[in-house]
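Asker: The annotation transmembrane segment is assigned in TrEMBL to 47-70, 77-96, 102-123, 135-157, 169-187, 194-212, 232-250.
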Amino acid sequence: MSLLQDPLLLLLVAITFLVAGTVKGVIGMGMPTVSLALLTATVGLPSAMALLLAPTIITNIWQALVGGYLVQILRRLWLFLLASTVTVWLGVSVLARVDVRWLSALLGLLIIYYALSGLFRLGGGAIMRHGRHAGAVNGALTGLITGMTGSSVFPGVAYLQALGLPRDMLIQSMGVLFVVTTAALGFSMGEQRLLTVELALLSLVAVVPALLGMQLGQRLRHRLSEAAFRRVFLTGLLVMGSYLLLSALLSG
């Protein structure tokens, strides 16, 4: 049966990206992390990474272009962004060649770190905060981990936060990072034959619930306590990350 003809898979994808889009609409980020956490547990890491491609790129393009800081971001962060993009292919090469359960375990660890750092305001995460080579080092590691797990959060977002950028510039910088690394991920997965036509089409279909979820989240933002919502969201991610880690370690 074609993936596009599997009603259970279509329902799973729709619910996942509706939830992930809602989270992004409320707190401004979190779509790749939520979708990876939910889909990896059900369809496996490579398929989960393929499915998040179109929704992540399309929902972050606007964030990357709007804000008035794009030229400044490219001038200041070009080396970080270039390194993040170039090394994605190396991570995908690892994904295509190693036992995927170890990369699922790595993703679980990253999600746990993401959740704990948000819940307890843990500092750090950037490999090098300052210095001549900080952008290149953090960028290279971000691209490598993106290629292996689909997540650009570590150490990319931590590095951007450590720079002390103005809030609007930080949000726009994260949008640029997610667009370039996810685009590189798509090309690299296609080259390694991990991105089939069916998965690509299903990823495009997933854009619809993702956008609907974002609209819902933006409406809910003014009615919910963002702090309370963030705690529930991060606690849920902590549970999902722990599940992915334990499942990977106990399987096989």
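Keep in mind that glycine also has a Cβ here, set from the backbone N, Cα and C atoms.
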Asker: Same-chain Cβ contacts of the transmembrane segment (102-123) under 8 Å, 6 or more residues past its ends?
Answerer: 33, 36-37, 40, 44-45, 94-95, 145, 148-151, 153-154, 158, 230-231, 234-235, 237-238, 240-249
Asker: Are there 3 or more C-beta pairs under 8 Å linking the transmembrane segment (232-250) with the transmembrane segment (169-187), counting only pairs at least 6 apart in sequence?
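Answerer: The transmembrane segment (232-250) and the transmembrane segment (169-187): touching, no.
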Asker: Between the stretches 77-96, 194-212, 232-250, which one has more Cβ pairs under 8 Å with the transmembrane segment (47-70) than any other?
Answerer: 194-212
